[in-house]
Amino acid sequence: MERDLGKPLFDLVLLIASAAAFVHASALPNIDIVGDLSPAFFPQLISAAVFVLATPCFINDLREWRSTARGDHPVGHRRAVAQWLLVVALTLGYTLVFERLGYIPSTAVFTFCCVVGFTVTSGGLSALSMGGKVKALAAAALFAVVLASSVYYVFTELFDIPLPG
Amino acid sequence: MKKLLGTLTLAAAVVAAPALAADYPTKKIDMIVPFSAGGGNDTFIRALQPLLEKRLGEDLVIRNIPGGGGAVGMSRAVSSRADGYTLLAASNAMLTLEAMGNVAFTHDDFDFIAKVVEEPYVIAVNSDGKYKDLKSLVSGATSDTPIRIGSSGVGSSAYITARAVADITGANFNLIPYPGGSEAISAAMGNHVDAVVLGGSELRSALKSGRLKGVAMSYAERSDSLPDVPTFQEQGYDLTLTVWRGIAAPKGTPEAVEQKWVEAIKQIVAEGAYDKTARNLGTEVSPLYGEKLDEFIDHSAEVMSAAAGDLAK
Amino acid sequence: MISGYLDGLEMVLQLGTLLAIAGGTLLGIIMGALPGLTSAMAIALLLPVTFGMPPVMGIGMLLGALCGAGASGSIPAILLNIPGTPSSVATTFDGFPMAQKGEAGRALGLSIVASFFGGVASMVILSLLAPPIAEFALRFGAAEYFSLSIFGLVIIASVAGKSLMKGLIAGLLGFFASTIGTDPITGVGRFTFDQLSLLTGINLLPALIGLFAVSQVLKDAFEYDPSARLKASEHRVDIARPRFLETLKHWRALMAGILSGSIVGPVPGAGGSIASLVAYDQARRFSKSPDKFGTGHAPGIVSVESANNALLGGALIPTLALGIPGEAATAVLLGGLMIQGITPGPMLFDNHDGTVYGIFLAYLVANAFMLLIMCLGIKVFIRVLMVPRKQLLASILVFCFIGVYGVDGDTFNLYLMLGFGVLGYFLNRYNFGTAPVILGLILGPIAESNLRRGLQAFQGDWTPFFTRPISLTFLIIALLLLVITILQNYRARRPA
């Protein structure tokens, strides 16, 4: 089995988050209504339950992590992480410029970066000759522009769904 | 798709009208509905959409921006460019949000173009229940067990009206908020609450089917749409409120734009093109423009903020 | 009644009406297949068009959209592991594994036919039993809703992955997320951090799209390996056809779906999203081989998809018989009915002009069109899998953005979607699972608000939750299911 520190770490995050949520919930204001439980009742109940359930998970996962031999990551792990981060970063960037740049430019740039980004991280681009590189970039650009403008047209004109102009 | 279907189904109602002479509008107009599709505000404007498009000669694009009980959509409308291409389907909700103190804008940040329809708030009981009229509700509520009154969510205009009813009658009402009008109606039909306070259009089918019985409504005088329901006024309580729906624009919208809209709506009203739909939706066409409208809005805002009382932050 | 049906038939069998229904169904199928776009949006879009049409024609078109979207949500769920609506979450459990075996065509074929049977069966139930079922639904007060939600929460145990405890944690996370926003009883803001968009709480759609679609894209991105290209030929197009006989062979699962959809569907506000999960849970419990569920097992798909379209008929019951819409799509539909001047209520069913029968028949026709269009499209849908991975991943994200932004034009929800995507990725990676989160998010508010609403109405008295018969029944069933699950879990673990 692969040694993964993330597993116990995620449990730890849950423990901390549930404790923080519990404390935060205890500061919620209340309005007295006959028979009503307070607004803080459920958030506190749930965060306490998460804390109780996550504790054994954390202990288990930590034990499992310590007992698993330290091994090298499988081939391509670094590339996988890079691709994962690429998608998160691009999606975040896309959200940031979505309304500011307008639909077609932001979507075209996002799509282009996604496609080219995957080619780069997987080492596909450096394997290509100069002409091949230009061709690959042109194909990605074409795909991006066609996708963005056709989607924009279909949704705003045919489906009447408003998108940032 | 809409156009395609229109042709497919030979629906004569959606024919594009010839372009109008004046400059405005030259492109599509965004109409912000600060609620999700299917609510009273949304149905009101969608039913009006084809009529308006015909008179304005441009497409209306309805944007449902529902967050925050209307707060997100209205904030968006306030901060849009006042060029007449972003308008708001306005209603009482704006005034209740203002009264609750949850939002950064007030009704003064808008130019009100027109009030188109209105409906009363109605307090209704189960027809088979033990309370038959407002008097028995009020007197029943003074004993040990308070009367359970259902309404829509805390802070909604119906909920605040329910509080106003409780205040003005002095009765011991246990106000139970439901997520929306339909949940409250089903609770009243199932005898899980003793009465509901809601807008007349939400209650329309329940009243028409005889499941629920209206015991008082918030118009100044009786209405043709609910001839059997007495007003609060005639039962001795000074409460006059209406649920209104209309069109508003961000402050500073050009006079010409406003005129264009007022003309279009006046025309629709004069032709009676919207009367039947409005009636079917449980509302009445009762247009108001200009200064009279501003006075009306100011007055409603005062009543709402008084009723919100200690609920407000 | 027979003359009513004949009048209704006359209204439906007109070229314009048939075309309107077909058009509505087509639009519904397209919108339903795109993640994030919902049947409610399809109906809202068509609403102004129905203005000026005769009632059966206009309502028929809206019902077509409802029916089409109800069936086509399974397409992305099966092909890409992305449910477009809460009700197709359960479709991914067996649909996607089957597609991964190269049998996407078979999964689609099963789901189409099961949807059709579910839709038709619920139409029959709707036309025969609507008034009494609606009366029964009225008996649901706060206590009953609370107990129903507890019954629903027990399903978490069934949809949890390898670890029951981690599944429970995931469910609680969803429950906690549902408490964000304005408190339903006092109106106090909870965890809103002065964010307007959070006042009404976390929207289900960005959470759903994030937890399922974005997390799946992240997983695919992590695993993307250009050297290990999936050959297009591995997806067999030739098996992509409607599967009538195979669906009927799994008649138990089909019945479980139809019954769950028709019984849970009519409960306003609660039924829509959980009926298919209840169906999956029941089909699995009463199966002779429960272990095969979740591995691409045909009855899993049949039960969920038949429930999905049966619940639409179920949801129409309170809408038509009481004027009480259960969720967004029927709420918009109700607006359509009112514009037409049709007043829902018991007298709609006593009406002799045939309109209501026309509506029933129009719904039947809509189901037939759904079957036809989906059968024609099945070989087209499956080609989605032949789009190269990197272009496909980018396009999926593009559509997710449209779905989430298109519904309410709020960029805040795009950030929320990304946040849920990252959370969902780790939840899946560390065996918590994402389906329980959605269940918690849907059922949490029903449980909390009804418990507190009930206590407020009963003046702080807890006993009605246990003395009211329907409420008690749900609680007992929930307890029994819980005990059975724990025993099964215990037994499954002992040999190991």
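Keep in mind that glycine also has a Cβ here, set from the backbone N, Cα and C atoms.
TrEMBL entries are annotated by machine, without manual review.
Annotation comment: TrEMBL describes C:18-439 as domain 'DUF112'.
The transmembrane segment feature in TrEMBL is assigned to C:20-47 (among others).
According to TrEMBL, the feature transmembrane segment maps to C:107-130 (among others).
If you look up TrEMBL, you'll see C:142-161 (among others) marked as transmembrane segment. Panel annotation: around the transmembrane segment (C:142-161), residues 90, 93, 167-168, 170-171, 267, 269-270, 274, 277-278, 280-281, 284-285, 431-433, 435-436, 439-440, 443-444, 446-447, 450-451, 453-454, 457, 464-465, 468, 470-475, 477-478, 481-482, 485, 489 of the same chain, lying at least six beyond its termini, place a Cβ under 8 Å from a Cβ of the stretch.
Counting residues 6+ beyond its ends, the transmembrane segment (C:167-186) has Cβ neighbours under 8 Å at 153, 156-157, 159-161, 192, 198-202, 207, 427, 432-445, 447-449, 452-453, 456 in the same chain. The transmembrane segment annotation in TrEMBL covers C:167-186 (among others).
Sequence-distant contacts of the transmembrane segment (C:198-218) (same chain, six or more residues past either end, CB-CB distance under 8 Å): 35-36, 38, 80-83, 85-86, 89, 92, 177-178, 180-182, 189, 191-192, 393, 396-397, 400, 403-404, 407-408, 412-414, 416-425, 427-428, 434, 437-438, 441-442, 445. Sequence annotations record features per position, and here TrEMBL assigns transmembrane segment to C:198-218 (among others).
For C:253-280 (among others), the entry in TrEMBL reads transmembrane segment.
If one looks beyond the transmembrane segment (C:315-339) by at least 6 residues along the same chain, the residues whose Cβ comes under 8 Å of a Cβ in the stretch are 38-40, 43-44, 47, 50-51, 58-59, 62-63, 66, 69, 126, 130-131, 133-134, 137-138, 265-273, 345-346, 348-349, 356, 359, 363. Taken from TrEMBL, the feature transmembrane segment applies to C:315-339 (among others).
If you look at the transmembrane segment (C:359-382), the same-chain residues 6 or more away from its ends with a CB under 8 A from one of its CBs are 5, 8-9, 12, 17-18, 21-22, 24-26, 28-29, 33, 55-56, 59-60, 63-64, 66-68, 71-72, 75, 79, 104-105, 108-109, 112-113, 115-116, 119-120, 123, 126-127, 235, 237, 240-242, 309, 313, 316, 320. The transmembrane segment annotation in TrEMBL covers C:359-382 (among others).
The transmembrane segment annotation in TrEMBL covers C:394-427 (among others).
Annotated transmembrane segment per TrEMBL: C:470-490 (among others), in sequence order.
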Against which stretches of its own chain does the transmembrane segment (C:470-490) lie, if we need a Cβ under 8 Å and a gap of at least six residues from its ends?
139-140, 143-144, 146-148, 150-151, 153-154, 157-158, 164, 285, 464
Three or more CB pairs closer than 8 Å, sequence separation of 6 or more: does that hold for the transmembrane segment (C:20-47) against the transmembrane segment (C:394-427)?
yes
